[in-house]
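Data block below; observations after.
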Amino acid sequence: MVKLSCGPILLALVLCISLTSVANAQQCGRQRGGALCGNNLCCSQFGWCGSTPEYCSPSQGCQSQCTGSGPDPGQGGSAQNVRATYHIYNPQNVGWDLNAVSAYCSTWDANKPYAWRSKYGWTAFCGPVGPRGRDSCGKCLRVTNTRTGAQTTVRIVDQCSNGGLDLDINVFQQIDTDGVGNQQGHLIVNYQFVNCGDNVNVPLLSVVDKE
């Protein structure tokens, strides 16, 4: 009688199943053209979806739908596949002065502390989801490049008319990590209203004003 040994065969079968499971795992971010994870899961720096700090913490390289040390979700909603052009505000060249660039929100926010005005990059907002006019001023958005997964947080300081966002050129270039936006003249982005964190008590910063 021939005695069969199933050990090596069983081991190979288990290994094959394990590799197949990994290959079929959902990917996201720049590894998959800026795709977002389903069920609001976080996208890790390596392009995998999950909900633990390794996936969700910005300090761990989280690419999108991040939590942890990032801003908490704010009121205003979110939108996907929105057109984002760029505008040359260059706030760093004008002391982050809203009046100097004739921003719509300067009426209400021009006298805010320098630390507030310079905390985030600037954008004009006219997106399909969220408040408009004065109600949008000063609010923050987490903006994600759908092609690469690169993201940043911006503050609304102005209005626009393109049906999406008009990012400061510096912000635009920051998330245009593959240069396609520069070639096309626009990006396709997702945005989410987030908490700006302006209520954090930072007395040393709050009194600094370069005006």
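First residue shown is number 1, and so on along the chain.
Note that Cβ sites are derived from N, Cα and C of the backbone, with glycine treated the same way.
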- Item | Cysteine paired with CYS43, where Swiss-Prot records a disulfide bond, from CYS28, CYS62 | CYS28
- Item | CYS56 - recorded disulfide partner, Swiss-Prot, among CYS37, CYS42 | CYS42
- Message: According to Swiss-Prot, the disulfide involving CYS62 connects it to which residue among CYS49, CYS66?
- Response: CYS66
- Task: Measure the Cβ-based neighbour count of CYS49 (disulfide bond), defined as the other Cβ atoms within 10 Å of its Cβ.
- Result: 22
- Query: What is the one among the disulfide-bonded residues CYS28, CYS43, CYS56, CYS62, CYS66 whose Cβ has the most other Cβ atoms less than or equal to 10 Å away?
  - Reply: CYS43
- Query: CB neighbours of CYS42 (disulfide bond) within 10 A?
  - Reply: 28
- Item | Rounded distance in angstrom between the Cα atoms of CYS66 (disulfide bond) and CYS28 (disulfide bond) | 13
- Item | Where CYS49 (disulfide bond) sits in the secondary structure, as DSSP reduces it to three classes | strand
- Which of the disulfide-bonded residues CYS28, CYS43, CYS49 has its Cα closest in space to the Cα of CYS56 (disulfide bond)? CYS43
